[in-house]
Every structure is written in structure tokens, then in C-alpha cells.
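The compositional bias 'Low complexity' feature in Swiss-Prot is assigned to 535-551. Here Swiss-Prot flags N105, N208, N321, N334, N527, N538 as N-linked glycosylation site. For 1-33, the entry in Swiss-Prot reads topological domain 'Cytoplasmic', with the evidence type sequence analysis. The topological domain 'Lumenal' annotation in Swiss-Prot covers 55-587 and rests on sequence analysis. Swiss-Prot lists 34-54 with the feature transmembrane segment, giving sequence analysis as the kind of evidence.
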Amino acid sequence: MPLIPDSIQSIGVFHVDDPFNPMPDPGDADPETVAFAFFIGIAVVFSLLLITLVCTAAYLVCTSSYEGEYDEELANNGDGSRRGILNFRPLFGKKNSNGLLLDSNFTNPGEFDDNEEFIEREREALIKMSPFEVDSYMRAKEFQIVSPPAVQEFGTYLDSKDLQMIKDRGIQSYYFIPSINDNVDKSGHFLPSFLVQDKLEVEFTRWNKSSSAVLNYPLPYNKKDAVYFEVKVYNHKPNSNSIFSIGLVTVPYPYFRIPGMCKFSIAYESTGKLRINDPFFPSTLLPKLVEGDVVGFGYRFKTGTIFITHNGKKLMDVTQNVSVELFIALGAMNASYTRTYTKDGLLEDPDNIELRNALAEGRELKLSKDIQNPHNPMDETKWDIIDSDEIELHVNLGQTGFVFIEANVKKYGFGSVFGEIGIPPAYNPNDIQKDKLIQKGEELPPQYPEDTENFGLFGNLKIKSHIKNPLKEVSSNPSAPELIQKKLKTPIVKTPKVGIYEFTTPIDRKRETNMQPSINPPVYEINDTRQSSPEITNETISNEETVSSSSKAEPALQHGQSNKTPNKRQNKKTKQRKNKKKGKKNK
């Protein structure tokens, strides 16, 4: 048997031919060693995860404390700003790689540096502006000092009456406030900058210089993830001398400035600019708007994010951590009065710094006269006023379908179209023809019966009285006159017929003698004699004679006197007189 080298023995390898040293079974390895190695690997992984979590928590704690110090510093400013303004810091923007606008104060400069930077930027911008732009900027600045914007927490602007109105009427309660601009002609006639049609359709007129239309109510809480609205460019010429902007503002907002140019406002300009509290020269980040485009704005409640859509596609998230009351605003401005825009539209490269510097320094350039010498509507000597091209914008709050599909699926509209009151009645002629109740109007008034004696002109009416009428029992009997006479024990006077009717009247002797009003008024019955008329007999004539003679024999009552003689004594005297007369005749 050959000898096995020591190197081979050290690693436990044996020849197969050796019957005394067979190959060891690999399954015979120690299981405790394997389990120990497995647990060591798991411990290493969990330790790495724990270290990562600890580092993340430390970073978040440091960042939150840093932000708290920053908020406290801003809250202690001397400008009288409220705590709600702190939620609007992301509206001063620079764009990161993800398309989200971050705070321009991301490096947290001091208060003095911010003021100095703003003053320097304002000085450079005012030199490049036209007289109309400078005047509008100074007026807006003074306007917001006198009437500061109401930066309130979201959901605190409306009172109970407004909330009830929105609940009852739904989207029908929203409308744009009419124009209050101060445009007048030489005669003093009011020239509106824009007209509001059907509550949510705004048309900027040819008299518009620069104005904004603001919605009456802020963005509502619709109990969804977000609230969303869209604006369609219904009328806008390709080479228009007017520009418009669509956005969100706080109130009160300067009515002579378009959205995005004043504090606490954001707007999508038709030139492709995204204006966020920027009255100077913002960057062009969005596509230009033409006739037929649809622009959408959305606000997410949890994160306070505002996002923008264009023709149904989401472009970017603009801000975050916004929790103030915002109102929809539409604005338009005549570009003929500005130095940045031309009458034929926006310059090809509006962000060209060299071009702006050349305009500011007054160099001789081959530019149009509208750029070198913009029109000035405030010059009373020239009356240099250019008609503005009309612009029409339609707002959709959810009364119709959105172009943005997500808003339709998740129901991001402003709420119910007609509220809890419901839809008003329709006055369509086609619907009226199908209405069975309205079609029955041709058969009205109904045909009343001709028998007015039993039915009456106004129907078979019965009147209940609290006074008992002794004639009630005999009023329905055809032999009423005889029964009335027995009931009242008074004779009935029959007057001659007048036409085809005959009147019978009961006489109350007691009432005549005492001159006292009767509790129960006399009843007059009308007997229809068209079929048969009663005959006049000798008894009726004799009764009439006795009644007439007795009435003549009664003495006339004087004023303040009453006849105290009973009726029976008068009857006896009359009988005695008649008997005496008959006795004399017989003699």
C-alpha cells in the first residue's frame, strides 16, 4: 500500500482504493457550527439597519429643531406678520431636480441680507419697467400696506351663513365678483375691464388695461384627498396684444394687478411664466397657452401641495405646506403698455439678460417702437390708449367633466352641482308636452252643472252656525211656508210674482211692536215657478187685508216711546169694533 503524503492527510483526502480509510460523509458536519455562523450574519444585518435608523432619526431631529429656530426668527420680525404666513414660505421658489419648487431662503440668510437683496432687485427691475408697470407696482405695494392680505388658516374664512349657502346651492353658489375697475372715458362713462357671464365665464373687454376677477368663496374642503378646478381658454388670438394669467390669490387682492404679481399669489401666465409673488421677471417654466388649452390647479389637503396640469397632464408640484385660504383669480393685461412684451406677442427670448440690459441702457437696437417707446395710458396730453384684444376664459369647478382623468375618478370637484336643494324645474317645451298634468290645462275650467238650485254656482256649500235656527228643520220641506207659520205663529205675506220667482216673507209681530232686532234674521225663500206657480185663493187675500188693516190701525211710535199694549188686547179691540159695525148694519 502506497504511503499517503502528509499534505493530503492534512486536508482529509483519502484514496478510494484504501479499504481502511474511506471518504468521510459530508453530512456528518457539526450543525452547531453552521447555526452559529447563521446567527452571526443575521446580527450583522440588524446592526447595520439599526445604525441607519439611528442616523435618520438624528438627522430629522436636527432638521426639525433647525426649522423651529427659523420659524421663531421669522415670527419675531417687525413687519407684523402672523403665524399663518409661515406656511407660505415655499412660495418663493427655486426648482430642484424633481420639479418641486423649494424655498429661495433655503440657505437661511439673515433678515438684513433679505431686505438688502430685495431692495437691490427692486432697483434693477424698476429701471427696466415701463411707466405703466412702475405705476401699477407702486399702487399695488401701497394697496397691500393699507389693506393687508387676509392670510388665514384653511377653512376659517367662511361663516355659518356662507357654509349653509354652499351646502344648499352647491357649485351654483360660486361666482366671480363683477368689475370694479376705474376705467372711464373723457365723458365719465364707466368702461368695465371684464364682464362676468353665467357666474363662471369671464370676458376681458377691449377697455382692459390690467385687472383681475376673483371668486367670491375660497377653495372648499370637499372631504376628498384634494380639490381641483380647470380653466379653458375659450377666446385668445394667436398674436394678441394681451396676456392673461390663471392662479390662486388671497383677499383683498389689488384689482388692477394680474395674479402672481403680488404677495401670497401664484399664477400660470399665458406666456409660459410661473409667477409666485414675483412682480419682476420670473422664469419661463411652463408651455405657452393658446386658444383651446385647459389649465388646471389642484390643492392637496394633507400635504398642502399645489399642483398644475395642462391639457389633462400633470406638469409639476409647485408648493408644499400651504395651509391658507386661497381664491381662484383670473387676470389679463394689455401688453402694449409694458416693456417686456410687444403688441405682436411675447418676445422670442424674454429671459435674455443682454436684451434687457440693452433696453435699460438705451442702446440703439433694431426693435419695434412698442418696445423702445411703450404706450403710456396715463399720459393725459397724448391720450395714448390702445384697445386690448378680448380674452374669454371659462372656469369648471366640477359642474362638467374634467380633462384631468384623476380628478374625475377621485371626484376632486367643488362638491354637488345643485346642493341639497336640488335641480330647479325644467322649462323645456319638449318636457312640457310630455307632462300629463300640464296637458290637462286645456280642460280647465271644469264644466259646472246647470242646476244652480241644488248645486249652486260655487258648489254645494254648507255653513255651520253656533246660533240655532228654528227654520232649519223646515227649510228642506216643500211645504215650508205653512210649517214656518206654525213654528213662528205669524202670518206670511206673499208678494206678487216678479218675473218667474215668488218671494215669501214671515212677519214677526213681536219684533214690529217692540222695535228690537231679532236674533234670528228673517229667512227669504226663492221658489222656482218655471214648472208650476201657486194659485192665489180667497184665503190669502183675506189674510192680506187683515194684515194691512191691522198695520194701519197701529199707532205711530214717537221717538223715545214704546208700545206697551200686548198684541192680544189689540186683537180684542179690533174684533169689538168689527162686531159693533156689523150690529149697526143689521139694525
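Any Cβ shown, glycine's included, is placed from N, Cα and C.
Minimal Cβ crowding within 10 Å, among the glycosylation sites N321, N334, is found at N321. Mean pLDDT across the topological domain 'Cytoplasmic' (1-33) comes to 51 in this model. Recorded residues N208 (N-linked glycosylation site) and N321 (N-linked glycosylation site) have their alpha carbons 35 Å apart, per Cα-Cα distance.
For the pair N334 (N-linked glycosylation site) and N321 (N-linked glycosylation site), the Cα-Cα distance reads 34 Å. For the recorded site, N334 (N-linked glycosylation site), the DSSP three-state label reads strand.
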